[in-house]
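According to TrEMBL, the protein has these features:
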type	residues	note
BINDING	N103, D203, T224, K225, G233, K234, F235, G236, L237, G238, A239, K240, K559	ATP binding site
DOMAIN	441-600	domain 'DNA topoisomerase VI subunit B transducer'
REGION	43-66	region 'Disordered'
Amino acid sequence: MQQLAHSKFIALNHCHLLLLLPNLNLRFVEIKLHDNSRFAMDVSGSESQTEAKKTKSKTPRKQKETLLKQKSPAEFFAENKNIAGFDNPGKSLYTTVRELVENSLDSAESISELPVVEITIEEIGKSKFNSMIGLVDRERVDAALYDDYETEKAREKRLAKEARAQEINAKNTALGKKVKETPATKVIKGRGEASFYRVTCKDNGKGMPHDDIPNMFGRVLSGTKYGLKQTRGKFGLGAKMALIWSKMSTGLPIEISSSMKNQNYISFCRLDIDIHKNTPHVHLHEKRENKEHWRGAKIQVVIEGNWTTYRSKILHYMRQMAVITPYAQFLFKFVSDAPDKNVSIRFSRRTDVMPPIPMETKHHPSSIDLLLIKRLIAETSKQNLLQFLQHEFVNINKSYAERLIGEMGPDFSSKMTVKSLTSQQIVRIHQLLRQAKFDDPSGHCLSPAGEYNLRLGIIKELHPDMVATYSGSAQVFEGHPFIVEAGVSVGGKDVKQGLNIFRFANRIPLLFEQGADVVTRTALKRINWSNYKINQIQDKIGVFVSIVSTKIPFKGTGKEYIGDDITDIASAVKYAIQQCCVQLKSKIVKKMQAREQQERKRNLSRYIPDASGAVYNVLKEMTQLHASKKIRYGDDDAELLSKVSDNLITKETLSEKLAKHVEQVDYEMALEYATQSGVSEEPRETIYIQSLEAENKMIDLKTPFIVFRLFQ
């Protein structure tokens, strides 16, 4: 090895130190980096520039640092809007209406005010929408650029098809055959041809504090409904998701007007939401004069939608909401430039009896998890473990809490500080609470609609021939109380033959994914309707089931149905429907009995004139024989014959007597039939009390079927 004449050192960032030896006649030196990438350098001493081998190596690049990205709640729901029911423009319009109506009901009920809700959907044309956002309409220059462009070949094909259809109809008309209606020519609508609607909801609720309005509408997952209680909402988004959809589809802000009790001004706020920061972007927030002393809230939002495809869903929703809340008054309007498309429906109030306000409750020990225990420990104001168990959970008194602490082991004591619990100790508490036996939670925190209101709502909207309702007692699943109410009706207007199923969860209608719901499956597969004298195919049957709970076990991302896999709920639903059917059977049997009674009476009454005429002729002949002394009758017969001769007994009097006899026999036969059939209970009838003036002081005594009102 030759002696080193001289050496050069090249220090490279993030690479090995390389010693170059020019005496070794090296032309290229390959350098290996720490990340195992390689590149070659020309060290021959020539003036040629150093270049990377194109075939064997690559130029080194600085490795990029990994950056963690975080999404805000608003951004998450904007990207996954189908979770909140904003799958497409049509359903987005439906969900917006639903969220606004339910917010209005909650607001009015929170102050025990009979709700008055006005909902208006105004159709906005493309030109009007462009003028709202300051955009000038432009004519198409290159028509073939658009996806709704119809080529000449496609146009000829369409016209030929329409001509053939007209020719076939003309031949059928000449032959006297039935002519099929020619379908209307479909208007090709491009992807960019969206429909826009201004949705306005006005109520008489409690309103909102002036300073809280921006955060209540412009910050996702912030609100007043979080806690363990029965709520109408599914995600706690309310109008926030409508605002996100408005920002995504139109870019226009939402407008809120609100005024609270004894407030001499109206709070007006125009805002949108910063999706990435999950913060409100306020355009205008001011106080305006309240000359009319109005109280409530008015929300207005412009969104993309589809009224044509979801018209029936929105109207069904309003109708079912009127069924479950007969104490509310709804006014629904759809306004369009075409007068024939306008819709205006008023759902009147039928009663002024409101359900109690749902109460917030504490967690049941059997329904908790580790995260919940840690959160309760962090938020509790109690100092020691004994107080924590007593006051943070239901159905744990002092003596039972001491027994639980004793069972936890020697590391636990009643006086130990709850904040000092280790992770292992928290796990031990969780395991014991899941395994120990506790009393079921009561249903006092729940607010069902009540049989009275459910019956009123069914009769008000469907006008059935007969209806039966039932309200079960509170039951439990996974530590959460629930109550099932049911109603079954037969007959009525706008009701199709067969089963018509109406589902409610926490007093809101469920319209989608009906086939997998526990109510649908129970009504179709687990109820033998023929046992209750009901024809499942021919009769018009309405099945109404309302489930209220602190936790509704929804299935699916959209939370549109209740699963059939919870045995406790499925059994309660079946029992409630059966109890309604038992009541209906009593009414149906009595109706059948009355119908048979009328038929018997009709058959017997048909022969009364002939029978009375024949009897009278016999008596007349006997009278003549008795008068001519050809035949002598006894004293009783002679007295009867003398009445005939004196015209005290005539054909008409015999007909009257015979008709009374038919009535008596028919009544006795019906009574015997009822006794044999086991029908001893009279059907319970519904009595309605008219609405009274608000200034009257009264006390309501409620029963399942009637409300007694005492005046002070």
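Just so it is clear, glycine is given a Cβ too, placed from its N, Cα and C backbone atoms.
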**Prompt:** Mean pLDDT over the domain 'DNA topoisomerase VI subunit B transducer' (441-600): what is the value?
**Reply:** 89
**Neighbour tally for K559 (ATP binding site), based on other Cβ positions within 10 Å of its Cβ** = 20
**Prompt:** Tell me, how many other CB atoms lie within 10 A of the CB of N103 (ATP binding site), whichever protein chain they belong to?
**Reply:** 22
**For A239 (ATP binding site): intrachain residues, at least 6 apart, with Cβ closer than 8 Å** = T96, E99, L100, N103, F217, I254, I299, V301
**Complete:** A correct count of other C-beta atoms within 10 Å of the C-beta of L237 (ATP binding site) gives 23
